[in-house]
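Below is one structure; the comments refer to it alone.
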């Protein structure tokens, strides 16, 4: 550890297990290992985590114990949306130094398989993605991570640095979906990823834009975030085709059935819910695209003949690759402003309360941040105005 850096707080982490318990306890590396550097491997740096966002997948691992084949089988540390400050570097690391502020890209790849060698490392066959069982996550006070996956953020706030991860998810979708200037776009779902995607499609020049959700409060939030967006509240008692008609009405000032009505060229589906995917398919224009960012169940039914006879492309993504430098530029240069997304903040010691807040729809939480100290919370709250 570099001279001049004094650490006193023990390392703690936020755990879940197959019994769906959630608790805060001691974590590796220990404070003594951090101070001595005994646990630091070649190519790694030690980062003091200052801000971590709670992702929907974190809540899902806690409540459901799995996402598809990714199963919690023992005590497991959550979290993969983090930023902090470098406090130690391995002797062979030349790109970072103690004191550097970094955002952590939460994957460790093999650099040997075909996806890695062709630049699509999100498909690495041996990836260790932090917080995905059995690999522990970043909801800790200190963590050792490969320097190559720690991106310098300069004077960007740690909170914005943590939000680069969900922004990367949206940017990966934008790249593959091919949203263009002037495209009519549907964003399905006004959760955190849907709202970040909304910011991205607006910045890309899409117009008009309509966003959907079942929660009127989230739609109001979307309208505050992007005033020009149209909103549609999904009616759970209606069919996918009927909700699509409502989406088109919202996009066309109530005239969605008119012969010259605008249909989305691209639907960015951010929920993974079967009925929402189907509504998106019924909504887009002939030759349009439904791009699914959201994670859903293993199997689902879709209106195949609509896809076929309207030549609609149905496309998906898995995590992200090569997005972090772009995300940093977008935030640093003010093209994307993520600050309003943070609605609640908690210190690491109160992580259980933070998760309960994130998981409860009655709290109105959009993005909940877990921060290293009350001082960091006060500093961030003074800028962004969120509460705990």
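The backbone N, Cα and C atoms fix where each Cβ goes, and this holds for glycine too.
What Swiss-Prot says about this protein:
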type: BINDING; residues: 55, 80, 81, 165; note: Zn(2+) 1 binding site
type: BINDING; residues: 110, 113, 116, 124; note: Zn(2+) 2 binding site
type: BINDING; residues: 192, 193, 213, 218, 293, 317, 318, 319; note: NAD(+) binding site
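Shown on the structure are the features that Swiss-Prot records.
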{"residue": "55", "record": "Zn(2+) 1 binding site", "Cβ within 10 Å": "23"}
{"residue": "80", "record": "Zn(2+) 1 binding site", "Cβ within 10 Å": "24"}
{"residue": "81", "record": "Zn(2+) 1 binding site", "Cβ within 10 Å": "32"}
{"residue": "110", "record": "Zn(2+) 2 binding site", "Cβ within 10 Å": "14"}
{"residue": "124", "record": "Zn(2+) 2 binding site", "Cβ within 10 Å": "22"}
{"residue": "165", "record": "Zn(2+) 1 binding site", "Cβ within 10 Å": "26"}
{"residue": "213", "record": "NAD(+) binding site", "Cβ within 10 Å": "25"}
{"residue": "218", "record": "NAD(+) binding site", "Cβ within 10 Å": "23"}
{"residue": "317", "record": "NAD(+) binding site", "Cβ within 10 Å": "19"}
{"residue": "319", "record": "NAD(+) binding site", "Cβ within 10 Å": "19"}
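Each of 52, 53, 57, 58, 79, 82, 106, 131, 138, 162, 166 belongs to the same chain as 55, 80, 81, 165, is absent from that list, and has a C-beta within 8 angstroms of the C-beta centroid marking the Zn(2+) 1 site.
For the binding-site residues shown (116, 193), fewest C-beta neighbours within 10 angstroms: 116. Take the Cα of residue 81 (Zn(2+) 1 binding site) and measure to each of the binding-site residues 113, 116, 192, 317: the nearest one is 192. For residue 293 (NAD(+) binding site), the same-chain residues lying six or more positions away in sequence with a CB closer than 8 A to its CB are 169, 170, 173, 193, 197, 268, 269, 270, 272, 317.
Ranking the binding-site residues 55, 80, 113, 116 by the distance of their Cα atoms from the Cα of residue 213 (NAD(+) binding site) places 55 first. Ranking the binding-site residues 113, 192, 318 by C-beta neighbours within 10 Å puts 192 at the top. Proximity to residue 55 (Zn(2+) 1 binding site), defined by a C-alpha to C-alpha distance within 10 angstroms, is shown by none of the binding-site residues 116, 218, 318, 319. Taking the Cα atom of each, residue 192 (NAD(+) binding site) and residue 113 (Zn(2+) 2 binding site) are about 32 angstrom apart. Secondary structure at residue 218 (NAD(+) binding site), taken from DSSP and collapsed to helix, strand or coil, is helix.
Of the candidate binding-site residues, 165, 218, 318, the one lying closest to residue 116 (Zn(2+) 2 binding site) when CA atoms are compared is 318. Of all the binding-site residues in the record (80, 110, 113, 124), the one with the smallest CA separation from residue 218 (NAD(+) binding site) is 80. In this structure the alpha carbons, written CA, of residue 165 (Zn(2+) 1 binding site) and residue 319 (NAD(+) binding site) are 10 Å apart.
The DSSP secondary structure for residue 192 (NAD(+) binding site) is helix. Apart from the site residues 110, 113, 116, 124, the chain places the Cβ of 109, 111, 112, 114, 115, 117, 121, 123, 125, 126, 127 no farther than 8 Å from the centroid of the site's Cβ atoms, the recorded Zn(2+) 2 location.
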